[in-house]
Amino acid sequence: MPAIWDLPDFDSHEAVHVFDDRATGLKAVIAVHSTHLGPAAGGTRFWHYADSQAAITDALRLSRGMSYKNAMAGLSAGGGKAVILANPQRAKPQQLLEAFGRAVDSLGGKYITAQDVGISEADMVAVSKVTPHVAGLPDQGGDPGPYTARGVFLGVKAAVKHALGTDDLHGVHVAIQGVGSVGGGLARYLAAEGAKLTLADVDAQRAADLARELGGQSVAADAIMAVEADVFSPCALGAVLTEASVAALKVRAVAGGANNQLATGPEGRMLADRGILYAPDYVINAGGIINVLRHIENADDAEINWRIDAIAGRLAAIWNESDSTGKTPAEVADNMAQKLIGR
Ligand code: NAD
């Protein structure tokens, strides 16, 4: 196993903390990528990993992602991420959550945690009994989904403007993959402005019901990326943009809320070569974190709204720079983010 500094995802993390609490069985990693702009903020993932190396790699990758996302959202927050290594039974007793809370607390506010995959609102409330360094609790704004959905909607509109040259969504066809909290909210905003919708979800009934309600169509989950449309909006899983799926796309733009859409990275160039506009995921899907971290900025609802509105302008700036330099939107966004965090 290589030393932690030599891991491909290390990327000069400021610190990587490893916790092993014998009494409760807690094994956790808290990765602090950058505190250049403020305390490192990012959720806690509770996951059963194949081995501890996989857990460290995940923490590093996600933590760097949070640095970029928070910086590009204009927040006074750095980037970090925690992972708790679940046992095969995925047991999550109260004592384990409290031990994790003590681990977060031991960093003295350098890392602020929040919900992520495998961690419920109630789990975070339990963590917050032990440490104040928790964001996004039910009484602080709660579910980030609706805020993310609004930001993604504004990003889709910006993509339509840049790729199709129109502000008018009437008849603009958007194919949405995944109609949960983010994709479902996006569909409603789009329907309200007259867009034509094709929806898909592994829960086919969910997609069909929403399509019926909004006057759109639904297709099988494995057919959505081949739909001929103006915009493809991934709002389910990450890594959906692969060499094969990009080659099969029949759209002018990809703009959606899912995290880590580019499977390996070079797909960003493939999209550009095919003339498909790409909205970098961590820029377009920042609405949720903008609300979750509202207390860091002391932001009221009006401020949260304008910060989410600013996502559209940020995307336009990325696309304009991409057009003038020949760099892909993903490269431009990464460069902007790196500059913001002083790298
Ligand atoms: P969700 O669980 O509410 O919805 C996801 C939906 O996708 C579900 O309806 C699920 O059935 C469906 N789905 C899963 N696999 C699918 C597949 N292969 N094809 C089609 N549909 C599939 O989750 P969400 O909160 O809406 O998040 C969606 C995506 O956005 C995730 O990638 C998440 O990481 C990302 N994201 C969410 C937020 C947020 O605030 N909720 C913020 C940033 C990023």
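Note: Cβ is positioned from N, Cα and C throughout, glycine not excepted.
These features come from TrEMBL:
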- Lys81: active site, proton donor/acceptor (ACT_SITE)
- Gly178, Val179, Gly180, Ser181, Val182, Gly183: NAD(+) binding site (BINDING)
Apart from the site residues Gly178, Val179, Gly180, Ser181, Val182, Gly183, the 8 Å Cβ neighbourhood of the NAD(+) centroid comprises Gly145, Ala149, Ile176, Gly184, Gly185, Leu186, Asp201, Cys235, Ala236, Gly257
Round to the nearest Å and give the CA-to-CA distance linking Gly180 (NAD(+) binding site) with Lys81 (active site, proton donor/acceptor).
-> 24
What count of other C-beta atoms do you get within 10 angstroms of the C-beta of Ser181 (NAD(+) binding site), across all chains shown?
-> 17
Take the C-alpha atoms of Val182 (NAD(+) binding site) and Lys81 (active site, proton donor/acceptor) and report the distance between them in angstrom, rounded.
-> 21
Among the binding-site residues Gly178, Gly180, Gly183, whose Cβ has the fewest other Cβ atoms within 10 Å?
-> Gly180
Could you check the binding-site residues Val179, Val182 and say which one's CB has the fewest neighbouring CB atoms inside 10 Å?
-> Val179
The residue listed as 'active site, proton donor/acceptor', DSSP three-state class -> strand
